[in-house]
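Student: Look at Swiss-Prot and you will find 11, 12, 13, 14, 15, 16 tagged as ATP binding site, backed by sequence analysis. Annotation comment: Swiss-Prot describes 3-201 as domain 'DPCK'.
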C-alpha cells in the first residue's frame, strides 16, 4: 500500500486532485475536512469538547459552526489549545483509516488534509504531492465558497509558502489550466511511483 499526502494552499484544488486519484487508480481518500464535519455533527465527545472551550458555539447539543468560526478568526491561545486536542482526535482516526486499508487489497491511500506538513501528518506518507494554483484563482474559488478576505488571509498565514511546500514534496500538480491537464499529471505521477516501487496497476 502506498500513502500519498496532498499539500497546497487553501483553494489550490487538493480535493479535485484527490477525486482524480480515486477515479483513475481507485485510491481511497481520507478527507480530513469531512471527518471534522462529521465529528462536529455526530460525535458527542467532540461536541462536549467544543462546549468546554466555546460554550456559545453549542446550542441544544448542536455545534454552531458560524459561531465557532468567530473563535477561529480570533486565533488566540484558547483556540490553539482546542485545535491541538481536535487534531489529536483526527490523527487517531487517520491512523485507524490507514490501518484498516492496509488489511485490504488497497493500492493507494490519499490523505487530503489541510496543513498536512504544518501539522506533521506527512510523516506517515510515502510520497507528498504539492498541489499548486495561482493566487488569483485561489481567491476566486474561495469567494465562491463565501469565505471572507480576513479568513483567507489568516489561513494563508498559517500555511507554509509554496516554495517550502515544493521543497518538502516529491511531486507537484498544477491546477487551473484544465481538468485534462490535471488528469495527465495524476497519471504521470502514478506511472513514476509505480516505476519506483516496481509494480503496475
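Using the three backbone atoms N, Cα and C, a Cβ is placed for every residue, glycine included.
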Student: So if I measure Cβ to Cβ from residue 15 (ATP binding site) and keep only same-chain residues at least 6 apart in sequence, which ones fall under 8 Å?
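Tutor: Counting only residues 6 or more apart in sequence, the Cβ neighbours of residue 15 (ATP binding site) under 8 Å are 31, 33, 112.
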Student: Just to be sure I understand the packing, how many Cβ atoms besides its own are within 10 Å of the Cβ of residue 14 (ATP binding site)?
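Tutor: There are 28 of them.
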Student: Counting across all protein chains shown, how many other Cβ atoms sit within 10 Å of the Cβ of residue 13 (ATP binding site)?
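Tutor: Excluding its own Cβ, the number within 10 Å is 24.
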Student: List the other residues in this chain whose Cβ sits within 8 Å of the Cβ centroid of the ATP site residues 11, 12, 13, 14, 15, 16, in sequence order.
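Tutor: These residues sit around the ATP site: 8, 17, 131, 133, 141, 175.
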Student: If you skip the near sequence neighbours and keep only those at least six away, which residues in the chain come within under 8 angstroms of residue 11 (ATP binding site), Cβ to Cβ?
Tutor: 133, 137, 138, 139, 141, 142, 145, 152
Student: Please list, in sequence order, the residues in the chain of residue 16 (ATP binding site) that are at least six apart in sequence and whose C-beta is under 8 Å away from its C-beta.
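Tutor: Counting only residues 6 or more apart in sequence, the Cβ neighbours of residue 16 (ATP binding site) under 8 Å are 175, 179, 182.
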Student: Just to confirm: which same-chain residues, 6+ apart in sequence, have a Cβ under 8 Å from the Cβ of residue 12 (ATP binding site)?
Tutor: 131, 132, 133, 138, 175
